[in-house]
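Novice: Okay, here's the structure, questions in a sec.
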Amino acid sequence: MTDLLIKSADLIGKGRTDVLVRDGRIAEVGSISAKGADTVDADGLVLLPGLVDLHTHLREPGREDAETVLTGTRAAAKGGYTAVCAMANSYPVADTAGVVEQVAALGRAAGYADVQPIGAVSVGLEGKRLAEIGAMAHSAAEVRMFSDDGHCVADPVLMRRALEYVKTFGGLIAQHAEEPRLTEGAQMNEGAVSAELGLPGWPSVAEEAIIARDVLLAEYTGARIHFCHVSTARSVDIIREAKARGAKVTAEVCPHHLLLTDEAARSYDPVYKVNPPLRREADVAVLRAALAEGVIDAVATDHAPHALQDKQCEWAAARPGMLGLETALSISVLALGGPAGVDWDLLAERTSRAPARIAGLEAHGRDPRPGVEANFTLVDPAATWTVVPEDLASLSRNTPYAGMELPVTVQATFLRGRATVLNGKIEEETTE
Ligand code: NCD
C-alpha cells in the first residue's frame, strides 16, 4: 500500500498538522514532506478519531429489504464511522456463535467499517432463558456486549444471572430500559401531547423504573451495565447518582432525543415514531447538558432502518425507529453548541473515544499517534448540507431530518488507512 499523507488537518489540541499513514497505521504526526505518498489536502478540515456507534440495527440476517451489513456500513462510513456495534434483533436473532460470526464476517467482507456484533441476552429475545453468552464470547466474533434491545430484559432474575455471567469475562449488558407492563399499547410519550392526540402514552417512569432497578442489580453483582437510548430527565438523575456511588454504569443518548420532541407527533407522520419515544423539550435540555457533562457517556445512533411499507402507513401500525448513521455527527454538533461553539475534543470523546472504550474496541477511538491504527475521519466544520432521503447510502429512507439543513460534512473516512469515503463520496473499492 502506498503511503498516505494527510496535509494540514486541524488536529484536536494541536492545530494544523500533517499525518503520515503507512500500512494501515499512523507512522508520523507533525510537519511532514513525503515524496511518493498519496496526498489528501485537509486544509480547513478537522481530523476526528473515527466515530464508533454502540447501537446500530444492520437488519442482516433477515430483513435485507430494510438494510444489509453492506449498505448499513456504507451509511456508517458516510457518517464518519469506522466501527459499529450491530444489535442482535435480526432474523434469526444473534443469540448463537454462528449468527454473531456470520455478522462479523459480512462486515469484514463489506470493508466499510468494523462490525462488532452484540449478542442477545436471552434466547430469541424472549426474556426467558439466557442465550449462549459464553459461546458468543468465546467465538471468533469475541462478543463482549449483550443486549435484547427492542425488548427490555424485564425479568430481574434473568438480568441478575446475565450480569453475573458477563462479569466473569469483563463483558457488559446493554439494557433497553422499558418496563413492559407500563408501556402496553404505547404509541408515543405520555404527556400533554399524547392526551391531546388521543394516542396511548409511553410514560417516562417505564424507563426510569428499570434503570433504577438495574443500577441496583449492577451494584449488587459488581457487574457492568450500559443503558441504551436514555431519553428522560429523571433517568439522567438516577444515572448521575449511581455514578457518584461508583456503580459501573455507562449510558448513551440518541441524536433524535437531543433534538426532536413529542410535538412532532402532531403531524401523525410515523417517521417520528421511535422507541423510546421523542420526549418533552425539558428532557431534551437535560439530555444535552448530561452529554456535555459526561453523565451520559456517548452518543449512539439507534440507526433503525425500516422498509417503506413499515413506515408509510398509519401511526399505530408503523414500526418504531429512525435512521441515524449519516446524520448523527451533524446532530451531535448541534446538540453540543453548534458548529461555531462546539468543543471538538468533547465531541470526539462522546462520539468516538468513550463508545470505543465501552465496547472494548481498542483499535478505535484513538487520537492520531505513531503506531495506532489509522481509523479517522475528516470533517468540514464550516460546510452545511441538506438531508435528501434519496441520497442516503442506507437502503431505507426513514430519516426524520428530510429537507433540513444541517451543519458539518464528512469529507473523508479512513479505515486502517484506506479511504471508505473521499471528497464526501463513498469509495467503491474497499478490498484491503
Ligand atoms: C428498534 C428497531 O427498529 O430495531 N426501533 C426503535 O425504535 N428503536 C428496536 C426498538 O424498538 O427499540
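Glycine residues also receive a Cβ, built from the backbone N, Cα and C atoms like all the rest.
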Novice: Quick check on the annotation: TrEMBL has His55, His57, Asp302 binding Zn(2+) 1, so which of Asp149, Asp155 does it put in that site too?
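Specialist: For Zn(2+) 1, TrEMBL names His55, His57, Asp302; of Asp149, Asp155, the listed one is Asp149.
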Novice: Which of these, His229, His256, His257, does TrEMBL say binds Zn(2+) 2 at the same site as Asp149, His176?
Specialist: His229
Novice: Cβ under 6 Å from an atom of ligand 1: which of these binding-site residues qualify? The list is His55, Leu58, Arg59.
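Specialist: Within range of ligand 1: none.
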Novice: Between His57 (Zn(2+) 1 binding site) and Asp302 (active site), what is the CA-CA distance rounded to a whole number of Å?
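Specialist: It is 7 Å, counting Cα to Cα.
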Novice: On average, what pLDDT score does this prediction assign to the domain 'Dihydroorotase catalytic' (45-233)?
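Specialist: The predicted confidence over the domain 'Dihydroorotase catalytic' (45-233), as a mean pLDDT, is 98.
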Novice: For the recorded Zn(2+) 1 site, enumerate neighbouring residues of the same chain (Cβ within 8 Å of the Cβ centroid of His55, His57, Asp149, Asp302, site residues themselves excluded), in sequence order.
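Specialist: After dropping the recorded site residues, what remains is Thr56, Met87, Gly150, Cys228, His229, Ala300, Thr301, His303, Ala304.
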Novice: Could you measure between Arg59 (substrate binding site) and Asp302 (active site) for me? Cα positions, answer in whole angstrom.
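Specialist: Spelling it out, the Cα of Arg59 (substrate binding site) and the Cα of Asp302 (active site) are 12 Å apart.
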Novice: In angstrom units, rounded to an integer, how far apart are the Cα atoms of Asp149 (Zn(2+) 1 binding site) and Pro320 (substrate binding site)?
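Specialist: Pro320 (substrate binding site) has its Cα 13 Å from the Cα of Asp149 (Zn(2+) 1 binding site).
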Novice: How far apart, in Å, are the two Cα atoms that lie farthest from each other among His57, Leu58, Arg59, Asn89, Asn275, His306, Pro320, Gly321, the residues recorded as binding substrate?
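Specialist: About 17 Å separates the two most distant Cα atoms.
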